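Read the structure below first, then the notes.
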Amino acid sequence: MAATSDQGFAVPVLPLSSGKPMPRVGLGTASFPHCEDGDQPHVRDAVLRGIDAGYRHFDTAAVYGTERAIGDAAAEAVRAGTLASRDELYITSKLWIADAHPGRVLPALRKTLRNLQMEYVDLYLVHFPVSMKPQEGGAGAILVKEDLVAMDMKGVWEEMEECHRQGLAKAIGVSNFACKKLEYLLSFAQIIPAVNQVEVHLYCRQNKLRAFCREKGIQLCAYSPLGGKGAPWANNSVMESPIIKQIAQDIGKTVAQVCIRWVYEQGDCVIPKSFNDKRMRENLDIFDWELTDDARHKISSLPEFRGTYDFFVHDSGPYKTAEEFWDDEIAAGHPAN
């Protein structure tokens, strides 16, 4: 399975420990603030344009509010003959923290599948290594810090494994798990996570986590490879970096292409998010060239910081500090260019 873009090149794929191979570049669909159910035509249109451009890997989550739009776009692309079937797509979704409890995982995935109008997802991820008390009536705020509770990781993962056994998720994995939390999960998992999706960009390179995942047979997948512009954790230092701008100018590429190519060269799958036609296509044009050794050296010397660092930290919750949540990997802060 390799999608051919309208520019004539195929998006490479990577085999995972379960399920079908994952396209190395996907299209992110998280918007902030998150979409309401009725506010999705722009997402559906963007996904359709993404399919036309050559994307086959689409990333969503229960909390994003974009599952229905992806399902609508997939159905429309099949009707139009752009896709032979839904099976040509690679769809990732994620379990939100309010449903990260034994007894709630399978129902949450079934709701995701109803939204997507699909019989299965290719990959289902535990969104964060923390849970939240379910809201009354299933509605309410997305995140209430005072309601954060420790996850019953063993109970939740057992239900994730059941999702896989029932064929509702062809592969299962995690997101935002650092090494110690992964190690704990692996101590009881019958099915190892196929993927760990985490923040990766030139100022958050994740070398320690990547090495750990590689050793354990877990594929690293990078979100916010451009620094997460527009997201609550965004820092524009990535796209505004004079060093990266100079590298891009020297090799005749865009800053975004340099960022995505670097992640690609690390062996990760990468999920940039842009709904702009020109940038969508540019973000796929990263396969037939390489960064120079000088560029790689400059990138390896950049300071590191983490954007998603304190959203699940609270005095009354299971994690009292950002360091505890992230297992002391990659400090919070903002780099000096």
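Counting begins at 1 with the first residue displayed.
Cβ atoms here come from the backbone N, Cα and C positions, even for glycine.
Note that TrEMBL annotation is computational and uncurated.
Here TrEMBL flags TYR64 as active site, proton donor.
Residues annotated as substrate binding site in TrEMBL: HIS127. Every protein chain shown contributes to the tally, and the Cβ of HIS127 (substrate binding site) ends up with 20 other Cβ atoms within 10 Å.
Annotation source TrEMBL lists domain 'NADP-dependent oxidoreductase' at 25-301.
The site 'Lowers pKa of active site Tyr' annotation in TrEMBL covers LYS94. Taking a C-beta cut-off of under 8 Å and a sequence gap of six or more, LYS94 (site 'Lowers pKa of active site Tyr') has these contacts in its own chain: THR60, ALA61, ALA62, VAL63, TYR124, LEU125, VAL126, HIS127, SER175.
Around TYR64 (active site, proton donor), a 10 Å sphere centred on its CB holds 22 further CB atoms from the protein chains shown. Mean model confidence of the domain 'NADP-dependent oxidoreductase' (25-301) amounts to 94 (pLDDT, 0 to 100 scale).
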